[in-house]
Amino acid sequence: MSASSITLSRSVQVLSVASELFPYVKTGGLGDVVASLPVALADYGVQVRTLVPGYPAILAAIGEDCEVVRLPDVLGHEARLRLGSIGALCLAVLDIPALYDRPGNPYLRVDGQDWPDNGIRFAVLARAAACIGQGFLSGYHPDLIQTHDWQGGLTAAYLHYDGDEVWRANGMSRRPRVVQTIHNLAFHGSFPAEEREAFGLPVEALNMDGCEFHGKISFLKAGLFFADWITTVSPTYAQEIQGEQWGMGLDGLLRARSSCLSGILNGLDTTVWNPAQDPSVRFPYRLGDIASRMANKLALQSEFGLPQDRNAFLVGIVSRLTSQKGVDLLPEIMGRLLHRNTQFVVVGEGDRSIHREFFRLQRAYPGRFACYLGYSEELGHRFQASVDALLVPSRFEPCGLTQLCALRYGAVPIVSQVGGLADTIVDANEAAISQGVGTGFLFSPVSSEMLATTIEKARTLFRGNRKAWIALQRNGAATDVSWSGKAAQYAQLFASLAEIDLDAVQDTVSDLPPPKLFGGNAIRRVTRPGRQIARKPGRIRLGLLSKA
C-alpha cells in the first residue's frame with residue numbers, strides 16, 4: 001500500500017512510549033522499530049512523538065537546545081521533559097538522572113543482574129506517558145498512545161484508574177486510545193505486589209481484572225488488559241500467542257481479546273540497511289556485483305581466522321545466544337556439519353552455558369568454527385554482507401529483523417517455521433525453485449535433526465546449483481522489507497481507533513478488522529481464562545480488553 005492510497009481528514013497524533021531507541025540504546029529489534037516506524041508513519045499523515053527515558057546517550061544527542069518542561073511529581077520523582085528532535089524523530093525525553101543515568105544496558109547492571117529498581121524506573125515512564133496523554137503538555141493532545149512491551153504497559157492502567165476527570169480538566173474532548181504492542185510476550189515485567197503503592201496503583205489493581213498476574217503486578221498484563229487494541233509484530237505470532245505453548249500464561253486473556261488483536265510485520269529502515277551505500281561494509285555492492293560481495297566474504301573469513309576460501313559454505317549466526325534462539329541445538333550436530341568446506345561464524349552474547357559450548361567448538365574445530373561474544377552494529381552489517389547463509393533456528397520468534405537484513409544483503413536465510421520467520425521467508429522447495437519464488441529454507445519442527453537436515457539441504461544447493469542459489473539471493477533482495485506497506489496498516493488502525501475519517505483508502509488491509517470500541521455497550525472487564533466476560537452498558541472505558 002503506497003502513501004498516496006491513504007488520505008486522512010487530519011493527521012493522527014500518536015505518543016509512542018518505549019524503553020529503547022536506536023542507535024543510542026538498543027538490546028534487540030525493539031530499538032530499531034521505535035526509531036524507524038515513526039519516520040515511515042509520517043508519509044501516511046501520522047505524527048509520532050516518542051517518549052523515552054533520559055539515558056545519557058539520548059540526552060547527549062538531543063542536546064541543550066530544546067524545550068524543557070518540569071514535571072513536579074512523577075511517583076515521587078521530580079522530572080524534566082526535554083522536548084526536541086533528533087533528525088526526523090520528535091522526542092520527549094524523560095530526564096530523571098537518579099533512574100536513568102547509570103552504566104550497563106537499560107535493564108541490567110554491568111554484572112548482568114537486573115537493576116533492583118526496574119519496577120519504579122518503568123512505572124515512572126508509564127506514569128509520565130499517562131500525564132502527557134491526559135493533556136499535561138499545553139497544546140498537545142494525542143489521539144492515541146502506542147506502548148511497547150512491558151516497559152510501557154502500566155500506561156493504560158493509569159489512564160483507566162485516573163478516570164475521565166483529568167483529561168477533561170485539561171480541555172481534551174476524549175481520552176487517548178491505547179495500543180499495546182507486543183514485541184516479545186516472554187517478558188512480563190512482573191514485580192512484587194508490595195510495590196503497588198510505590199507504583200501509584202489503587203488496591204483494586206491487585207486482582208485478576210487488573211494488573212495482578214500470579215500474585216505479582218505484571219506491567220505487560222496491565223497493558224494487555226486495559227489497552228483498546230493489541231498489536232504484535234507478525235500475523236503468525238499473533239496466532240501462536242493465543243495457544244498454550246507460546247502464550248506464556250497469557251493465552252486465555254489474548255484469546256478473550258482476539259477481536260482486538262492484530263499482527264503487523266516489522267520493517268527495516270532501508271536507508272540504514274543498504275549494501276550499496278553502507279559505510280560499515282568494506283566493499284559496498286549491489287546484489288548483482290558478485291565480485292564485491294565475494295570480497296566481503298573473504299575479508300570476514302580473514303577477520304575471524306578462517307581460511308579464505310571462495311567455495312566454502314559460510315554459515316553465520318548473529319543473535320542473542322539463548323534457548324529461545326535455538327542456538328543450543330548446534331553443539332550436538334556440529335560434528336556432522338563441519339566438513340566438505342563448510343564454515344560457521346557466530347556473533348552474539350547471552351547465556352554463559354552457551355558461551356562455553358561455542359568456545360569449546362572453536363577449540364575443537366579451528367579454521368572451521370569461529371565465534372565472537374559481543375555485538376556491534378558495524379560488525380552486524382559486515383556480517384550480513386559476507387555470509388552465504390544466515391541461520392535463525394528460533395524456537396519462537398515474534399518477528400525477527402535479522403532475516404530481513406539477510407534478504408536485503410543477499411545472505412540466504414535458513415530459519416525455523418515460526419512467527420515472523422514463517423511470514424517473511426518463502427521455502428526453497430523444489431516447486432519454489434522451479435517457479436523462481438524461493439527466498440530461503442524453512443524447517444519444522446525445531447529440533448537438532450531437522451536443523452542439520454536443512455543446513456545440509458542448503459549446502460547441497462550452494463555447492464551443486466550455484467545458479468539456483470543466486471536466484472534465491474535475487475528473490476530475497478527483491479522482497480519488500482521496508483516499512484512501506486506495514487506502516488500503512490498501522491496508519492489505518494490508528495486512524496480507525498482515533499475515529500479519523502479515511503477519505504480515500506485503496507488496497508485495504510485484508511486481515512485487519514475494523515477496531516471495535518463497543519460504543520455504549522463497552523466491555524468493562526476481561527477475566528482470566530475460563531471466566532465470562534461481563535458486559536455492562538455505559539461510556540467507553542479504558543478497561544475494554546487488554547494486553548498482558
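The first residue you see is number 1, and the count goes up from there.
Just so it is clear, glycine is given a Cβ too, placed from its N, Cα and C backbone atoms.
Remember, TrEMBL labels are computer predictions, not curated facts.
Given the structure is predicted, the values throughout are model-derived calculations rather than measurements.
Residues or ranges marked as domain 'Starch synthase catalytic' in TrEMBL: 13-255. Averaged across the domain 'Starch synthase catalytic' (13-255), pLDDT in this predicted model comes to 96.
Positions annotated as ADP-alpha-D-glucose binding site by TrEMBL: Lys26. Listed in sequence order, Glu20, Asp32 are the same-chain residues at least 6 apart in sequence whose CB falls under 8 Å from the CB of Lys26 (ADP-alpha-D-glucose binding site). DSSP classifies Lys26 (ADP-alpha-D-glucose binding site) as coil under the three-state reduction.
Here TrEMBL flags 309-458 as domain 'Glycosyl transferase family 1'.
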